[in-house]
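Structure first, commentary second.
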């Protein structure tokens with residue numbers, strides 16, 4: 001298709017799609033009591049309004065994010081006359097949508113430079129999965145901040161594969177400060193970045209020299225930069241907002257009860273045990289399978305073979321084995337999909353790919369049907385409906401995860417590009 | 001001890017002088033068709049020690065109970081609260097954390113095994129703090145408690161066993177009087193540290209079958225007194241006034257019933273035209289029930305208040321913790337949202353606002369919401385007699401409740417009160433009204449010169465029951481046992497974990513852990 005010959009056309013159409021959705025969203029908000037804008041965006045903008053008045057963003061209930069987000073959205077708190085207020089209000093959404101497009105651009109760059117894709121092929125995959133994906137455009141234009149995570153992860157990969165350890169570390173620190181989960185990428189990048197990758201291949205055999213050989217210049221730089229940026233961001237925010245920053249951004253996630261129904265296989269168990277009805281405390285160990293796979297096993301086995309596939313598998317594992325799972329979490333691994341899909345057995349064997357897609361969608365549909373019965377019809381569908389639907393969806397995800405792992409072991413990795 | 005019995009007759013009710021006969025030692029009424037208020041005032045020193053301990057720590061204590069059976073309003077007793085037990089309390093010392101009030105409350109409420117009932121262990125934990133218009137001239141109490149309470153059986157038992165038995169009031173009269181409260185439409189108990197007196201009033205808006213027939217004996221002690229009034233009420237000369245006339249007597253002192261006529265300004269006013277509302281939840285309620293308040297359009301005429309008064313229709317919701325509003329959703333200024341729900345604005349809110357907590361984590365009893373409601377355009381109401389109802393809707397949400405054997409639990413939501421509030425810049429003080437009633441929860445949210453006109457709730461029962469879906473956990477041999485959920489989750493997660501681990505082992509086996517690019521030829525493969 002001629003469209004994919006030109007990066008400009010692909011990115012312009014992706015931007016146009018988001019612009020249309022932004023304008024439509026503004027129109028729907030102004031003309032219907034059913035709002036296009038996401039509730040979370042109201043939380044962000046309320047928090048930004050508090051900040052503009054010199055107060056803490058945590059004065060807004062359920063603001064559980066870094067103050068950076070509220071600061072970035074300060075323009076939405078500007079007081080102005082009617083037509084301008086609509087524009088300033090949409091500032092954050094425009095920012096999220098722009099991050100989307102930027103993330104897509106970074107992924108295309110990486111596919112071309114590190115995976116040696118022809119531009120046209122790279123554009124085709126990124127457009128299908130990310131840039132033209134209506135779900136992605138919809139989520140960011142409704143005002144969900146997940147798009148920012150996309151650009152941070154894409155930038156992290158870009159800095160890593162173009163061999164800029166300090167920049168990569170700084171981005172990782174920021175990403176973890178923003179949303180804790182990207183810390184899992186730190187492990188794979190660290191393992192991936194060995195001496196050979198730095199171009200100083202030393203074939204040492206002794207145990208001690210192997211251990212010493214692990215400490216390379218790049219690894220040290222990357223780790224130090226990540227720690228510095230993570231600590232610095234948190235320190236600044238702590239100075240500004242004290243305990244409430246720590247509580248809402250980090251500790252809340254440790255103490256939350258998560259009793260509400262969600263896609264996680266743990267959800268029914270968590271509801272039961274939070275209400276005091278469980279005999280064992282099995283769910284207290286829920287972090288073990290999740291972290292053993294995402295932080296230890298997957299990076300160790302896959303990162304050096306194929307960094308992007310390892311990161312995709314890590315994210316997939318983290319989301320699948322998490323104690324809470326909502327649909328916005330699916331966006332976390334979507335940005336990594338264009339690296340994996342082209343060489344995956346899901347594309348090579350269409351029957352496998354189509355079965356995986358059908359099963360994944362069926363798992364969602366089954367769960368959503370039960371969720372609808374509960375939420376809107378008031379039927380007690382927790383057991384067996386939601387419980388089994390959650391386990392089925394989990395099983396489908398684990399099966400797909402197995403395919404990704406197998407592919408990751410077989411596929412070719414990316415090459416790195418030194419800065420010119 | 002002082003007792004005041006007031007019978008209020010409707011203007012059209014028949015009265016024969018033979019129906020109320022006063023003698024030197026007693027007063028008897030026979031087949032009297034009237035509403036009745038029976039009020040007892042007791043000094044602090046006349047009370048049993050247990051009760052006195054509680055009251056001595058109180059600056060103010062106001063208990064309001066209303067039946068869930070619908071009842072008509074009777075001037076001058078036209079004010080209402082949502083059915084259930086309301087307690088408005090201000091401790092003498094703001095930091096005094098005492099358990100005695102809670103202990104008393106537990107006796108009076110007689111906690112049920114109901115999982116939603118917020119037991120009172122310490123008032124700081126289970127009470128909420130209502131918003132104050134001004135803390136300097138606080139017109140409402142500082143702490144508020146509410147619980148669903150269909151019957152005041154335990155309160156009556158408490159009065160009989162503690163109050164009647166341990167005080168000078170002991171005697172069959174005390175027990176009869178306390179028993180009669182069981183059939184009352186509403187009961188008020190008031191104490192404040194200025195008067196050092198406890199007042200208990202019962203209100204019956206309609207007589208028992210055949211009318212009131214009773215004999216009131218002159219009290220044995222000279223310190224005690226029984227006042228009797230048989231009155232009728234109508235509008236006064238000024239819109240804020242109520243005029244009352246009829247017969248008064250002090251039993252044992254007066255030798256005949258004295259005719260009387262007096263008028264006074266009243267904050268609670270009747271609506272001159274019949275006006276009613278019903279409350280319902282659209283089915284299915286799901287986890288996000290929407291409360292509908294429906295009123296015939298004819299009910300929505302502005303009350304005949306002073307011409308300079310600003311009048312607005314309000315509703316005051318008393319919501320137990322299981323059901324709550326999203327303060328950010330309801331406080332919106334978005335005209336489209338407000339218009340679609342026929343709301344004007346959220347005026348005041350207090351209590352448990354957590355949007356995420358399940359009910360078993362919430363300690364306070366719930367929340368209160370004052371909303372201003374929209375009314376139809378004036379010309380609409382006047383010109384086109386529209387038979388359809390005017391409905392205001394309030395979107396609410398349910399908290400998760402603990403699992404049950406049936407998969408459901410019932411939430412009891414009392415009907416809110418709906419009223420016009422008319423505020424004047426300057427006006428008369430309402431305190432001179434001998435039938436004044438304050439501390440209703442919602443009245444303190446308005447200025448002291450506001451007049452209230454209540455709409456009448458019409459229905460079989462003024463409490464809505466909502467079916468809350470919960471996790472179904474059964475005992476015995478059923479499949480719905482908790483251990484199956486624990487076991488099932490554990491097995492599923494373990495299998496999933498092993499499967500991914502197995503895949504990883506196979507990859508590592510075939511190519512080694514650290515190795516890169518198993519096959520460089522894959523590089524260009526599609």
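Every residue gets a Cβ built from N, Cα and C, even glycine.
Annotations in TrEMBL come from automatic prediction, not curation.
For the signal peptide (A:1-25), same-chain residues at least 6 beyond its ends with a Cβ under 8 Å from one of its own Cβ atoms are 36-37, 90, 93-94, 97, 100-101, 104-105, 108, 119-120, 123-124, 126-127, 131-132, 134, 137-138, 140-142. The signal peptide annotation in TrEMBL covers A:1-25.
The transmembrane segment annotation in TrEMBL covers A:147-163 (among others).
Here TrEMBL flags A:170-193 (among others) as transmembrane segment. Residues 65-66, 68-69, 148-149, 152-153, 155-156, 159-160, 216, 218-219, 222-223, 225-234, 237, 250, 253, 294-296, 298-300, 302-304, 307, 310-311, 314-315, 318, 332 of the same chain lie 6 or more positions beyond the ends of the transmembrane segment (A:170-193) yet place their CB under 8 Å from a CB of it.
Under the heading transmembrane segment, TrEMBL lists A:222-241 (among others). Tertiary neighbourhood of the transmembrane segment (A:222-241): same-chain residues 56-58, 66-68, 165-174, 176-177, 186, 189-190, 193, 249, selected by CB-CB distance under 8 Å and a gap of 6+ residues from either end.
Counting only same-chain residues 6+ beyond the ends of the transmembrane segment (A:284-303), those with a CB under 8 A from a CB of the stretch are 184, 187-192, 266, 309-310, 313-315, 317-318, 321-323, 405, 408-409. According to TrEMBL, the transmembrane segment annotation covers A:284-303 (among others).
If you look at the transmembrane segment (A:315-340), the same-chain residues 6 or more away from its ends with a CB under 8 A from one of its CBs are 103, 107, 110-111, 115, 122, 125-126, 129-130, 133, 135-136, 139, 144, 146-147, 149-150, 153-154, 181, 184, 256, 258, 262-264, 266-267, 270, 283, 286, 289-290, 293-294, 298, 308-309, 394, 397-398, 400-401, 404, 407-408, 414. According to TrEMBL, the transmembrane segment annotation covers A:315-340 (among others).
Using a Cβ-Cβ cut-off under 8 Å and counting only residues 6 or more beyond its ends in the same chain, the transmembrane segment (A:352-369) has close neighbours at 263, 344-346, 386, 389-390, 392-393, 396-397, 399-400, 403. The transmembrane segment annotation in TrEMBL covers A:352-369 (among others).
Under 8 Å from some Cβ of the transmembrane segment (A:381-405) lie the Cβ atoms of residues 261, 263-265, 267-268, 271, 298, 301-302, 309, 312-313, 316-317, 319-320, 340, 344-346, 352, 356, 359-360, 362-364, 366-367, 369-371, 373-374, all in the same chain and six or more residues away from its ends. The transmembrane segment annotation in TrEMBL covers A:381-405 (among others).
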Should anything in the same chain at least six residues away from the transmembrane segment (A:147-163) have a Cβ under 8 Å from its Cβ atoms, list it; otherwise answer none.
69, 95-97, 99-100, 102-104, 106-107, 109-110, 113-114, 130, 136, 139-140, 171-172, 174-175, 178-179, 182, 185, 189, 192-193, 218, 307-308, 311, 331-332, 334-336, 414, 416-419
